[in-house]
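A.B. asks: Take a look at what Swiss-Prot says about it:
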- 213-243: region 'Disordered' (REGION)
- 113-122: motif 'GRM 1' (MOTIF)
- 124-131: motif 'GRM 2' (MOTIF)
- 151-161: motif 'GRM 3' (MOTIF)
- 164-177: motif 'GRM 4' (MOTIF)
- 180-186: motif 'GRM 5' (MOTIF)
- 189-195: motif 'GRM 6' (MOTIF)
- 197-204: motif 'GRM 7' (MOTIF)
- 210-216: motif 'GRM 8' (MOTIF)
- 219-224: motif 'GRM 9' (MOTIF)
- 227-239: motif 'GRM 10' (MOTIF)
- Trp7: site 'Interaction with the fiber protein p37' (SITE)
- Trp20: site 'Interaction with the fiber protein p37' (SITE)
- Trp35: site 'Interaction with the fiber protein p37' (SITE)
Amino acid sequence: MAVTGPWVGSSAVVNTGQNWMVGAAQRLRMGAPFWMSNMIGRSVEVIHTLGADHNFNGQWFRDRCFEAGSAPIVFNITGDLVSYSRDVPLFFMYGDTPNEYVQLNIHGVTMYGRGGNGWAACAIGASDGGVCIQNDIGGRLRINNGGAIAGGGGGGGGYSQANNWAGKYVCGGGGGRPFGLGGNNGARWPGGNASLTSPGAGGNTGTRYYAGGGGEVGQPGQYANPGASYSTPPTSPGAAVAGSAPTWQNVGAIYGPRV
């Protein structure tokens, strides 16, 4: 809730918890000297802290922003976060986000877009890695990255001994880091699933021919080695930060494209 008039002093006390106006002004991020009338419409920061979650739905961030209204909001990230889907950015701020600003503090941990899937039998199933942060509010998003921001790795390229890509001929591509799925769909040699810490391996015939492994964070998947047979290309990684440029207070470690 913002400070309102006409009784600015009492409203400032209720909103900030400070009985002295100097303290209230500090909570409202106002320098001294100041006019009390300038407190009207200002709000204290709304602060949230999140620990590790490897299946996180970024809608949670958006919901908290709208709950706070126009008040500035702070997200402190203290554990690794991974989006639940490569189709949904981990952290998305669309243009209708109402807050004065959104402060994102990453405390020595990593925020991840989810990894893409490897190619499967019937030449289906591959997908790009997921975007980590989608920013459509420009500099109102302030990022203090004391850890890492990573786009999901791309899926690995597939390999088939026959052009019809029937399962009995196919090596599936590996999943991109983190948690991308290896290509299967009945593949004789399915690709491996990625974990938080490593991409999945491509399926291997046991000879010198094999499918491509999944990509590391912010990297495309790997190419298959088909010899004279058939292959599909690996997929692309997700961006670390897409959309419009935020206010970078500390860039930190970045894996994948950023604005």
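Each residue, glycine too, has its Cβ placed from N, Cα and C.
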A.B. asks: In the same chain, which residue numbers or ranges, 6 or more beyond the ends of the motif 'GRM 2' (124-131), come under 8 angstroms Cβ to Cβ?
C.D. replies: 83, 85-90, 113-118, 151-155, 158, 173, 176, 180-181, 183-185, 215, 217-218, 232, 234-239, 242, 256
A.B. asks: Which range wins on Cβ pairs under 8 Å with the motif 'GRM 6' (189-195): 164-177, 210-216, 219-224, 227-239?
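C.D. replies: Out of the listed stretches, 164-177 contacts the motif 'GRM 6' (189-195) most.
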A.B. asks: Answer yes if the motif 'GRM 7' (197-204) and the motif 'GRM 10' (227-239) have at least three CB pairs under 8 Å among residue pairs 6 or more apart in sequence, and no otherwise.
C.D. replies: no
A.B. asks: Between the motif 'GRM 10' (227-239) and the stretches 151-161, 164-177, 180-186, 210-216, work out which stretch tops the count of Cβ pairs under 8 Å.
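C.D. replies: The listed stretch sharing the most Cβ pairs with the motif 'GRM 10' (227-239) is 151-161.
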A.B. asks: Using a Cβ cut-off of under 8 Å, list the residues of the same chain at least 6 residues beyond the motif 'GRM 4' (164-177) that approach it.
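C.D. replies: Same-chain contacts beyond the flanks: 115-123, 126, 129, 152-158, 183-205, 209-217, 221-222, 224, 230, 232, 234-235, 237.
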A.B. asks: Would you mind splitting the motif 'GRM 3' (151-161) into helix, strand and coil residue counts from DSSP?
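C.D. replies: Once the DSSP states are binned, the motif 'GRM 3' (151-161) shows 0 helix, 2 strand, 9 coil.
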A.B. asks: Mean pLDDT, the motif 'GRM 5' (180-186)?
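C.D. replies: Across the residues of the motif 'GRM 5' (180-186) the model's pLDDT averages 98 on the 0 to 100 scale.
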